[in-house]
Every structure is written in C-alpha cells, then in structure tokens.
C-alpha cells in the first residue's frame, strides 16, 4: 500500500509538471502574447531612439540597420552563437565583435580565442614561443584581435556596465544608459541612442560647412553628410601646371590632366602626342653617344644627363678576381694562370681549374652523403642529391595523418587533405584543409520563410530547424474548407486555418438562416472505452475529431396566437415570443370566454382550440369544442309569474308561461284555474273578471 501511494504521488507530480510545461508552451506561442510582446518591443525601441529622433525632427530613416539588430535581439532564436550554434538568451553572458557586431556566448569566444592562439603558436619552437603577440580572428568576419584583447568579463554593448542586470523593459544585454561611443568615421560627436547592439547610426548633429572647393557659402547640414558638392567647376591647377581641373566640385585630389600634348622623350630625339599628366617618357633608341675614351659608345637606352665614363677604363680584375690589371679600354683582361678557387654550387668544394672565363663546372668529387631524413648514407658525386625511399611516419600538424613523404627532413609540410568533418550545422562539411581543433562555423545562411513565402529571414545554417518561422503580415491565401465562399481575413500561418467564425447562414427547414458560427469543422471529443493495464499506465488524453455538426434548432422568435385566440406572443406581450422550432399554438391558461349558444353564459374551459364554422363569421362565438350550457334559465319572469322558465338556459325571450294558477275567486267560495300568461298580461279590469267565478255573490251587503 505504501509503495502504491508513493507511486501515485510521483505520478500526479509528473502529470502536473507536464501539464504546466504544455500550458507554458501554449501561452508563449499564443497570438495574444505575441501581440503584447510586439507592443512592448515597440515601446522599448521608441524609448531607445527618443534622443536621436529629437535631433532629426522625428526622421528615423538612418536607424533601419540599428533597428534590424535590435529586432533580432528581441526575436526568440534570431540571435545565434555561430560557435556553438545555439540561441543567445537574455540572461547569458555575451561578447560582441566590433567589426561585424555578431554576438557570441562569452564562454564560447574565450574558448575560440584560446584554441586559435594555440593553433597559431603550436608550430613554433620553444625559443620562438611568446616572442610575438599572435592575433586571433573573429569567427565570422575574421577581424583580428590581440592576445590582450581576449574578453574575460561580460559587459553591456557600450562597455560601461559590467554584468548588466536583466531588465524586461530594456534591450537584452543593454545597460539602458546613453551609448556615447565615438561615431565612425570620427566627427567629434558621440552616439545618442541608449545602449544598443549593432553599429551606431550616422551622426544627427547639425554643423555649418562649405563645399569641397570652398567656393560656395557655408550652409547648415547633418554632420554625417557634411561633405557636399556645389557642382561648380573645381578650377584648381593640375599637376601639369598648364591646365585647371574642369570636373564639378569634388572631394580629394584632382584627377590627372586628361588633355593630350606633344612632348619630347628624355633624350630629346623623338616627339609624340602623350597625356599631359605623364610628360616624362623613354623612347626605344640606344643612346649611342661617344664615351670619353673615344673608342666606345653609350649602350644605355634613352636617358637623361651625361653618359658617364667607359665601363672598361680603370683597373680591371681577371676572371678569378685574384689579379688586377691596368690596360687600355680596347684590350681584354687576360687570365692570371692561378687556380680558380671559386666555391662551387655545392657550397663545400672549390673549383680546381685554372683561372677561366665563364661559369665553373659542377662538383664531381665523390663524398659520403647522408640522405635528407638522416637514416641512410651513400658514397656518390657531390652535385647529386641523395634521397632514400623511406617514407616519413611523423604525424602532420593536423595530428591525424602521417606525412608519408619520401626521405622527409623532419619539417613536414602542412596536411594537404580536406578536413571534411561535419560542421555544427549538420548540413555541410568543413572545406578547409585538415586541421586541429574546432572547425570554423558554417559560413552559409539559410532562408526561413513563412507559409506563403513572401516573408523571409536569414538565419545561420543549422538553425532553420529550431527557429520559429517569421511572422507574415500577408493575408492567408488558402481556400476555405467550409461551405462559405470566402474565409475570414487572417494572417499567413502554417497548418490548418483557424475554425471559421462566420455566421453559418444555411437555410433551415423553416426558411430562416442559421445564425450561429460556422460548424462545418467542429472539434468533438472522442471518448473510448480503453481500460488501463495498471497504475503505471498514464491516462490517455481524449482525442478530438473534426466533424460537421447539424444546424441547431431555429431560435428566431415567432409571434404565435394562443389556442383560444386571446393573445399573440410578441415583444410587448408579457408572454415571451416562442422560438421558431417550438412555435406551435399554446394554451394561455385563461378561461375560453366564448359566448355559448345560450347567449347568456361564456365557456369556462381552459384556453382550447376552437373549430371555426364557415357559417359563423363571429370570431367570439363558441365552437363545438366549447362546453355546453347546463344552467337553468335565469331570465326575469313577467311581473306576477311565480314559475320558472320550463326551458334550460336559452337565447332570446322565454316562452309564454302556460301553467295553470290555482286561485280563489273574489267570494273565496270557488277555486279557479287560470293560465298564468292570461293573468299576468291582463290589466286590472281583466284580472277582476278572470278571478270572478261568475256565480251569485254570497256576501251580505
């Protein structure tokens, strides 16, 4: 039980960690967070450029290059260390090259500098090591740095703050202070941006300056563009001294004079048309002037000044140089007869011939010669080199391959094989000669495109598999997958388009249009009856499938009359309008209230359906479904009639009462039976006559 309990706790912890990781990834890639990040990035850029744009009246056209470097600093995965081919994060120590402004991890560049210095100094002997400060190059632009310039600490871009703190409202690796680096080329002003990556923009200050030729009046101009031309002719005297520069006002020295003039050569014998900018030229004729000796002529080609003395005059040496003679210039120097004794080409032996003219012969003495590698000796003529057939087994400077050169002197040449190792990008092989240490970073760049291909960013080779594609501002051009002719406007993306949120607008069976959002591709959870094999098996997440759902029942409010036609459901009615799918006649729970056939009472049934007869035009008249009146007639009787109406409740007047009244006559002796109708309708005289029995009155007077 304890082991199962512990297993369940670990299982829950792992599931919670995995869920949190998925949520973090989803939240980091959501469009809302991306939009917030873009807004935040825009605010930081505006804050960085504020001081600069205040000097340029809001003109930020010169900031595009710097803006590009800053956008790469913000974009996840855009800044890549070319040494380790990994992303540069905002909480890592970095170093920026001052030549190409590429950013590397501080640890990576330190290792790179150390390896480079070792490779350069490794062929040196112990005596030479340390006598020269060999440089190390930037991995990207090959800009050379001295050994003393190897970075050892982490600084911000402007170099003011060591170990700058991570601030989400600043550019990554920036200290947030004004840059104040000198502009290049130097103009005396300093950069006004906040500490930033990449090169500083051109100087925005305004200065008063004149044109190149100094003829125009000085005007105020931007310091970065203070050199300007008035386009008037330059007018400066050219180097020929005869003409002036006719080019428009320009910077630097004037070009050579383009005019052509007749000019003599140096010796003055020939004249030719030549460019005015090159007045001195030589012809091809030999001088030929008679030398002071009177026996020889000058053999120099077209020259200036005197020809000089005869080269054969004065003291001259014999061919071996041991004896000097003073002879006329017309006589040749004889040989002295002594041995030549000049050192032969071998550098060891001397020429044994008599003093002679021309080169000495080759050395033919036999000597014991050692081969170049020093492993073998042989007796042979001195002038012949001795190379044995033994192949060198030393490892070349690459520390991988043997020299394999025949009779090697020990100074093995560099390895001539191609390195061929796979670079860190995993796409290309190293094209350099075989070498020690790490290969240079892959120089190639790869285009990472959006889905439509219109937005492209360049990333170092090898990063295309891990970097996020660029955000494209073009509208998605994929055809709709639902029944709508066009889809909602949204930006270019990879994968399936987001669910359509347009109203469905399909025609329902009732004739109305479906008002809900499109449901052609709704995600429906698919539940299975999979039984886990044990507590170690993770519960599988429910799968979702896309399917088209039917349109929901129509909810359009329809005015409906109740069964008894007492009311109609509408907006102003206390009864809410009924939805179309349930819009059937209903009972309002009131009494029917229709006038029954008796014309005296109304139907007391609850509101019900009434069948209308064609003969009846009155809508308030009772129908066959209404109740039948079972009351007695309650209409008032004629005055004096004590009887009820013999009919049940009926319309119109009651029938005449035909019952007989039992009445005593005036004398109270006889009982008379008289119709009630006659009695009640008779006047006083007639009543007296009707009540009379017509017999002799027995009363006494």
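Placement of Cβ uses the backbone N, Cα and C atoms for every residue, glycine included.
Annotation source TrEMBL lists domain 'NF-X1-type' at 187-205 (among others). A Cβ distance under 8 Å defines the sequence-distant neighbours of the domain 'NF-X1-type' (187-205), meaning residues of its chain 6+ beyond its ends; these are 47-49, 51-52, 55-56, 62-63, 65-66, 68-70, 72-73, 96, 101, 103, 156-158, 160-161, 170-171, 173-181, 222-226.
Beyond the domain 'NF-X1-type' (240-259), the same-chain residues lying 6 or more positions past its ends with a Cβ under 8 Å from any Cβ of the stretch are 211-213, 215-216, 227, 229-234, 275-279. The domain 'NF-X1-type' annotation in TrEMBL covers 240-259 (among others).
Computed over the domain 'NF-X1-type' (293-312), the whole-number mean pLDDT of the model equals 84. For 293-312 (among others), the entry in TrEMBL reads domain 'NF-X1-type'.
Applying DSSP to the domain 'NF-X1-type' (346-365) sorts its residues as follows: 0 helix, 2 strand, 18 coil. The domain 'NF-X1-type' annotation in TrEMBL covers 346-365 (among others).
Residues annotated as domain 'NF-X1-type' in TrEMBL: 373-394 (among others).
Taking H, G and I as helix, E and B as strand and the rest as coil, DSSP gives the domain 'NF-X1-type' (398-417) the counts 0 helix, 2 strand, 18 coil. Annotated domain 'NF-X1-type' per TrEMBL: 398-417 (among others), in sequence order.
Here the domain 'NF-X1-type' (425-444) has, by DSSP, the following mix of helix, strand and coil residues: 0 helix, 2 strand, 18 coil. Annotation source TrEMBL lists domain 'NF-X1-type' at 425-444 (among others).
What TrEMBL lists as domain 'NF-X1-type' is 482-502 (among others).
The feature domain 'NF-X1-type' is assigned by TrEMBL to 598-631 (among others).
Annotation comment: TrEMBL describes 641-659 (among others) as domain 'NF-X1-type'. Helix, strand and coil counts from DSSP across the domain 'NF-X1-type' (641-659) read 0 helix, 1 strand, 18 coil.
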The domain 'NF-X1-type' (373-394) and the domain 'NF-X1-type' (425-444) contact flag, 3+ Cβ pairs under 8 angstroms: no
